[in-house]
Amino acid sequence: MEYHIIVINIFLIFALILVGFVAGKAHLVSEQASKDLSAILVEITLPASIFSSMLRELETDLLINAALLFFIGFACLALEYGAGRLLVKFFRIRKENQGLFLYNSMFTNASFMGFPVANAIFGSVGVFLASIVNLSLTITTFSFGIGLVRGDQESKEKFSLRKNVFTNINIAIILGMICFLTGFRFPEPAENFIAYFANVTTPMSMLVVGLNMSKGRARDLMTDRDAHLLTITRLIVMPLLLFGILKLLPLGAYPLVAQMILVVFAMPVPALCLILSEKYGGNTQFAVTTIFQTTLFSIVTIPLLLLLIV
């Protein structure tokens with residue numbers, strides 16, 4: 001794809017965020033409606049987008065890329081954790097913020113923002129590969145990440161395997177991989193039906209991001225020193241570190257690997273950090289602040305980082 005087309009697609013995505021932000025500030029959409037839209041995204045359109053992207057012919061190169069990304073995704077998370085531990089000490093992050101600082105140094109908003117950006121650059125192949133990386137993130141979140149969010153606090157709610165691991169998104173990934181590996185295809189009308197839902201994912205997800213950003217007062221959310229440092233870490237340090245290391249590895253035959261890692265790990269912190277903080281006794285105020293700051297500044301950093309791959 002030509003560079004100028006990619007740039008236009010990226011800025012169109014962020015224009016949708018602006019529309020959502022304005023709609024929220026103007027009270028055109030109620031808070032309950034925003035929550036309902038988020039539920040539709042997570043439970044219906046995002047799974048449809050992932051599943052639809054996997055309804056394709058089995059290609060050896062694509063399969064190798066997917067396998068590499070799955071395992072490299074875990075390696076990247078381990079590297080980020082190690083780097084995050086060092087940065088916590090170097091930046092002297094306050095004790096009450098350390099767990100979420102580490103969590104948000106590792107994990108990103110891969111589904112809400114990563115999938116639409118990947119789709120804008122690489123098309124449905126991008127969504128397919130981004131979902132593979134996201135599977136690594138999901139597994140690590142619910143096996144290791146919850147402990148980071150919780151810190152020394154007692155859990156407010158028992159961990160639910162069904163709610164947290166066997167989500168519609170992960171089920172869509174598993175079923176989609178089965179279809180991809182076996183070559184199974186649905187009749188064309190059925191695939192078109194799924195595609196209709198998939199096609200609304202990008203505009204709806206960006207609108208929801210904008211709506212969520214409109215809920216906070218920028219002045220109140222821009223004064224936390226630890227959040228500033230986390231924003232720099234999440235949006236600049238970690239993606240450049242991972243991309244730089246991957247470029248040094250002998251992956252020349254599979255350039256999509258480093259490119260997809262950059263796309264996924266260039267995203268802001270996940271809204272899931274707030275949900276987990278509320279459920280497991282984490283620092284919810286720090287979660288809200290970091291979500292707002294990283295999402296806001298990602299409007300600038302994501303297009304700049306993508307210059308490395310286009």
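Heads up, the Cβ atoms here are built off N, Cα and C, so glycines get one too.
The transmembrane segment annotation in TrEMBL covers 6-24, 36-55, 67-88, 100-122, 128-149, 169-187, 193-211, 232-250, 256-276, 288-309.
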Result, the transmembrane segment (128-149) in contact with the transmembrane segment (67-88) (3+ CB pairs under 8 Å): yes
Leading stretch by Cβ pairs under 8 Å, where the reference is the transmembrane segment (256-276) and the options are 6-24, 36-55, 100-122, 128-149, 169-187: 100-122
Stretch-level contact, the transmembrane segment (36-55) and the transmembrane segment (128-149), CB cutoff 8 A, at least 3 pairs: yes
Among 6-24, 100-122, 288-309, stretch most in contact with the transmembrane segment (232-250) (C-beta, under 8 angstroms): 288-309
Close approaches to the transmembrane segment (169-187) from elsewhere in its chain (Cβ under 8 angstroms; 6 or more beyond its ends): 42, 46-48, 50-51, 53-58, 63, 111, 128, 131-132, 134-135, 138, 194
